[in-house]
Amino acid sequence: MIGEVVECAQHPDADKLRVTKVNVGGDRLLDIVCGAPNCRLGLKVACATEGAVLPGDFKIKKTKLRGQPSEGMLCSFSELGIKEDHSGIIELPADAPIGTDFREYLNLNDVAIEISLTPNRADCLSIAGIAREVGVINRAEVKAPAIEAVPATIADKVAVELQAPEACPRYLARVVKNVNVKATSPLWLQEKLRRCGIRSIDPIVDITNLSLLELGQPMHAFDAAKIDGAIQVRMAKADEELVLLDGTTAKLQPNTLVIADSKGALAMAGIFGGKASGVNEETKDVVLEAAFFAPLAITGRARQYGLHTDASHRFERGVDPELTRQAMERATALLLEICGGEAGEIVEAVAKEHLPTRQTVSLRRSKLDAVIGHHIEDEIVTDILTRLGLKVTFENDTWTAVAPSWRFDIEIEEDLIEEVARIYGYNNIPNNSPLAHLKMKGTPEKLLEAIRVRTALVDSDYQEVITYSFVDPKIQQLLHPDQEALILPNPISSEMSAMRVSLLTGLLETIVYNQNRQQNRVRIFEGGLRFIPDANAELGVRQEAVFAAAIVGDKRATHWENKAESVDFFDLKGDLERVLSLTAARQDLQFVAKSFLALHPGQSAAIILDGKEIGFIGTVHPSIVQKLGIKGKPVVFELLASAISERPVPVAKEISKFPANNRDIAVVVDETVAAGEVLETCRKAGGEKLVGVNLFDVYQGTNLAEGKKSLAISLTIQDTEKTLEEDEINAVMQAVLAALAKRFNAVLRD
């Protein structure tokens with residue numbers, strides 16, 4: 001109940017208690033003992049009488065406190081569970097009606113609605129915006145309170161210089177002198193803020209917060225005495241620092257917009273105020289700020305400093321540029337009403353050429369019907385768009401519309417279709433199955449589909465992963481120091497600020513992630529795009545589809561029958577060759593030893609097709625393994641998908657019924673000669689009768705000259721039409737040996 005303290009005396013036996021008589025509108029006055037320091041005669045209070053139950057199941061009953069009767073309790077906000085305020089009992093306005101239920105007086109039985117907004121609907125981040133939206137949906141007129149201009153009573157004003165007009169094309173400032181900063185925010189203001197989840201701080205901050213909630217316009221107040229010269233809206237300077245209102249020091253980046261004076265930065269524009277220029281108990285004169293900051297100038301800047309404020313949340317999504325004067329007048333009127341003072345004229349600095357403009361968007365009747373799947377009458381569509389605040393004309397089955405200043409999200413035809421469908425009501429659109437004429441489209445016989453490659457890797461005990469296209473630039477620079485990357489202007493985080501130039505970064509980070517969770521045997525692959533800066537490509541970037549894989553740990557899963565062996569270069573090469581066997585170019589692919597900065601210099605190779613490098617394979621460089629904290633020796637490959645996009649067309653061949661002849665040879669060559677090149681020479685020299693070539697042993701050691709190695713090769717010779725004679729078999733053998741001798745100086749080993 002609301003009561004009034006009509007008597008207040010010191011408790012005879014307790015220094016910190018007072019004995020009161022309280023009028024709650026009943027037949028008699030209630031005796032109540034109170035320990036609050038602000039309890040005094042004539043105060044209107046919230047009184048809990050006998051039988052009331054407070055939060056925490058605290059029941060009020062008649063009792064005696066230090067010998068004095070007490071028939072109730074004078075309550076604080078914290079005792080009623082409204083907010084954390086232990087400074088004293090609630091002080092109600094003098095006109096609060098005695099005997100009225102306190103819940104009714106504060107309208108505590110109201111309903112609080114939490115609204116989840118998508119990032120594109122910043123216009124609804126205010127009471128005015130929600131009211132506007134509700135009015136449109138319910139075809140109701142929105143009656144916004146009139147905000148009248150506050151006339152200037154003093155000549156004081158502050159100069160404003162827009163040094164970064166593209167980032168801040170409109171800035172309003174107003175001097176208000178002789179304000180009483182020690183005044184208390186009225187209860188209605190405190191309650192409005194509390195119910196919106198904002199703590200009451202002081203009247204000036206509360207007023208700027210109310211502007212944010214009511215209109216959606218963030219505002220800020222400076223101590224006028226702490227501004228030296230004109231207000232400058234500029235970008236931060238190199239090595240500039242700012243102590244924020246919370247006491248932390250921010251090292252400002254050059255991409256950060258600041259509010260400054262002749263001495264330095266005063267605030268991070270649209271994000272956080274500075275402590276040095278903030279309002280405190282000694283403040284007498286203030287400068288109110290209301291501005292429009294371009295979304296791109298604010299987006300990502302708060303996260304850059306580990307901040308997220310109500311102001312930055314709104315500015316980076318878009319605030320109505322026409323709101324600034326309205327908000328300034330509303331805040332000035334409240335400030336004069338609560339804190340007193342004298343207001344100067346509003347100083348407005350504006351660069352109209354940089355203010356956002358709304359483009360004309362066309363909506364075709366045919367497009368609307370096709371997307372929605374339902375015909376909505378022309379008059380209804382026009383009415384919906386008009387109620388949404390758009391300027392609309394309709395001619396030749398096409399609507400042309402210009403969005404209002406508060407809608408940053410209406411830019412294309414589909415945006416208008418969404419608005420029409422939303423306001424018309426999705427429930428009013430019939431749920432009809434779509435009808436369409438489909439034409440069968442045959443798949444080219446030679447196409448090697450990506451799913452075949454993925455399936456081949458899965459069948460080889462790999463798991464597919466999908467990593468982010470945004471990677472840590474530091475790790476990518478470690479792997480590809482010679483490759484320029486695209487840097488995002490507004491990244492999700494600093495660890496995801498570069499576009500990947502290879503899938504290798506994501507795969508290695510995935511290995512680290514799994515090993516940190518006791519998964520030491522990792523076999524993963526990914527198919528995706530890499531992004532290579534290229535001035536000759538469209539939009540300056542070359543997007544290439546690639547396949548990549550990485551393995552580390554044991555060759556086989558742990559089993560009593562398996563010997564513990566770690567994977568190596570040849571394990572991954574064998575799996576890659578299994579994939580390459582699917583492609584028509586399998587006979588033309590070559591693995592040529594080559595060094596890569598990210599790979600071990602002695603365990604890496606380029607994958608060559610028709611003289612062009614289409615990929616790489618190798619063991620990750622030990623220094624990189626150490627820096628990333630990987631256990632074991634990971635082996636990786638990456639391959640252009642377009643290079644293996646064709647498969648061989650199956651051709652039926654006759655199976656020979658005649659005996660195959662196997663001959664083994666051992667040839668001595670230089671140790672630098674690649675075995676693959678030797679085998680390829682054998683195939684070409686042997687002709688059609690040589691149906692199989694297989695390397696089964698490599699030997700280096702005694703009985704061989706230094707720098708030499710012996711390759712043992714099995715040759716299978718067969719004809720489909722007859723049994724080969726010995727001289728025919730020897731002819732094939734001699735052709736092979738002659739080719740090897742000519743190309744590699746190979747010598748047949750005894």
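Cβ from N, Cα, C; glycine included.
According to TrEMBL:
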DOMAIN    1-103  domain 'TRNA-binding'
DOMAIN    356-431  domain 'B5'
BINDING   Asp409, Asp415, Glu418, Glu419  Mg(2+) binding site
DOMAIN    656-749  domain 'FDX-ACB'
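Model confidence over the domain 'FDX-ACB' (656-749) is summarised by a mean pLDDT of 93. Here the domain 'B5' (356-431) is broken down by DSSP into helix, strand and coil counts: 33 helix, 15 strand, 28 coil. Its Cβ taken as reference, Glu418 (Mg(2+) binding site) is surrounded by 16 other Cβ atoms within 10 Å in the chains shown. Note on the domain 'FDX-ACB' (656-749): DSSP counts are 34 helix, 32 strand, 28 coil.
As a summary of secondary structure, the domain 'TRNA-binding' (1-103) carries 2 helix, 40 strand, 61 coil according to DSSP.
Every protein chain shown contributes to the tally, and the Cβ of Asp409 (Mg(2+) binding site) ends up with 17 other Cβ atoms within 10 Å. Take the mean position of the Cβ atoms of Asp409, Asp415, Glu418, Glu419, the recorded Mg(2+) site; other residues of that chain with a Cβ within 8 Å of it are Asn120, Ile410, Glu414, Leu416, Ile417, Arg422. When the binding-site residues Asp415, Glu419 are compared by the number of other CB atoms within 10 angstroms of each CB, Asp415 has the fewest.
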